[in-house]
């Protein structure tokens, strides 16, 4: 049998966002602005939750976790993308690529689990209001939050191990702006069918299971809200859930587009990933604060202490 000489890959070249030649400066300014808005918005929200004692409840505990995930999730891909757009080297080491893929799926899947936990929290608050404090006590909240981290870590470890146990040879050009499974696997010089099947099944099942559990929670919530006789009561119950539903739609929309397309367009895939990685984490603080008087009050106090706004005397 004829033996072929392969050059083992020690680094990958990120080709960036397709069809954007000549727009690097504009995209750099745009994405840097989005990234800074994501960080500042989530830092403000997290600071408001920590500094306001009336927000020390299970709902805001999980919301604080979401802010941490949003900042971290954006930071997995954005810095390298910004470096590349500014003219820096598009190369990323083999280990760096593996780390980027791991943390991308670790944080993404953990956030998916967290949305499910937040839906359960709203289910208990609205459907079992008298037992809410007993059910969602500090111990239970800690266990639920820790479980999301652990499940996300297991999920990402499986995907990263399957992807990077394969040998990679020339060419080493990744047709994307960061290391993700659909962009990396075609570069392997071995059979990738097992990794593709497991990755697709793992990501698909995780998303479907979480979405199904969220759907069950909000079906019960909808039934309970319809039974509330008071208009004010229905309005308050709906306002506490509408922000969470909006955030879930923003998070799941890109996932569905990315992973359910048989042959996704490279440009469309990049645009959707940017929505998922930058825009949704930036919008979450706005979504959760615009219709929430408690959060707006706490944010006003934080901004007032920083000297950015002044209370009317």
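Using the three backbone atoms N, Cα and C, a Cβ is placed for every residue, glycine included.
Just so you know, TrEMBL annotations never went through curation; they're auto-generated.
It should be emphasised that the depicted structure is a prediction, and the values quoted were computed from it without experimental measurement.
Cross-referencing 237-261, 262-286 with TrEMBL places the feature transmembrane segment at 237-261. Between the listed ranges 3-25, 26-48, TrEMBL ties the annotation transmembrane segment to 26-48. In TrEMBL, the transmembrane segment annotation falls on 203-225 of the listed ranges 180-202, 203-225. Feature transmembrane segment, per TrEMBL, maps to range 140-164 of the set 65-89, 140-164.
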